[in-house]
Amino acid sequence: MSIHTDDFGQGGFAQGGFPPDKAPDKLRMISAAPVSRGEEAMERALRPKLLQEYVGQAKAREQLEIFIGAARKRNEALDHVLLFGPPGLGKTTLSHIIAAELGVNLRQTSGPVLEKPKDLAALLTNLEANDVLFIDEIHRLSPVVEEILYPALEDYQIDIMIGEGPAARSIKLDLQPFTLVGATTRAGMLTNPLRDRFGIVARLEFYTAEELARIVRRSAGLLNAPIDDEGAFEIARRSRGTPRIANRLLRRVRDYADVRGDGSITRELADRALAMLDVDPQGFDIMDRKLLEAVVHRFDGGPVGLDNIAASIGEEAGTIEDVIEPYLIQQGFLQRTPRGRMATQAAYRHLGLPVPGDDAS
């Protein structure tokens, strides 16, 4: 199996290889987006290679085991797969695992990189039989590129234009059978025609603290970092249900253990290290607290619109919606309503404030 990453220039993004809304200066210790290319390289080293090594996402894992096994048994291309959910939950990892389990090559790119039909055509025509094409941020495909993709997904054919002007003509090219794995944090932004062409759709959920503790212990073993069960759980419970964050916090706690301790990670040492990093026991950092405080203090608990929150705390609306909000909502500290965001009773208690309407009690 081989893996290819197609850049078509500067990683498809602005300087530094990051999309504008995820530039390194916008990221936090507990952001689910990768901080740097160096971190991406470290993630690859810690990434599980097969489904049996993959922790969590039991429903998606079971489905993929069955569908991959059936495709392998029939020597066919796996049906096209859509993976969606918040960032950092393992969509890219699963794409690599799918290719490895099928024993085929993986070609990797992202939606913003595919600016022109010829970019996609170059990828598709170089795929071998049953290969996997992984498109991250597939919701950001341009309409003209998406149109080219439809016949490729349905009939393994593409139409390309030869020549220019009056002499231009369209020719049909046959493709090898292949599997498209699309990943997105915003499934609602996919067009219906594209969404309907995926035969396998898997939603990735936030991980439990117990699942993340298993991931932390596995990663610590690969990093040769001694850690006990309580130390692993302390890191896991502050990781916002996200493996990428758990691995990042583990690496920083390991640094702390090497300099301020004897190299071993215990619960007490992890607590000191994470307090230094401003990650509280709930897994919140200063941005989470700023958001909750803004909703409670500046907007009387809500409801308040996303744009108003963004302006209030100096953060982009997309970052709030994709990175900060999901965990706060999942943990019951924030509510989305038709009229806007509202702070819950848990948010007031977390900030040490009296809950409105609790005066009588």
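Heads up, the Cβ atoms here are built off N, Cα and C, so glycines get one too.
In Swiss-Prot, the ATP site is described by LEU46, ARG47, GLY88, LYS91, THR92, THR93, GLU154, ASP155, TYR156, ARG197, TYR207, and among ARG240, ARG244, ARG248, ARG251 the residue recorded at this site is ARG244. Here the CA atom of ARG336 (DNA binding site) lies 35 Å from the CA atom of LEU46 (ATP binding site). Counting in whole angstrom, TYR207 (ATP binding site) lies 24 from ARG341 (DNA binding site) by their C-alpha atoms. A separation of roughly 24 Å, to the nearest angstrom, links the Cα atoms of GLY88 (ATP binding site) and ARG341 (DNA binding site). The closest partner of ARG336 (DNA binding site) among the binding-site residues, by CA position, is THR92; the full candidate set was THR92, GLU154, TYR156. Once Cβ contacts within 10 Å are tallied over all protein chains shown, the binding-site residues ARG336, ARG341 are led by ARG341. Of THR92, GLU154, TYR156, all annotated as binding-site residues, the residue with the shortest Cα distance to ARG341 (DNA binding site) is THR92.
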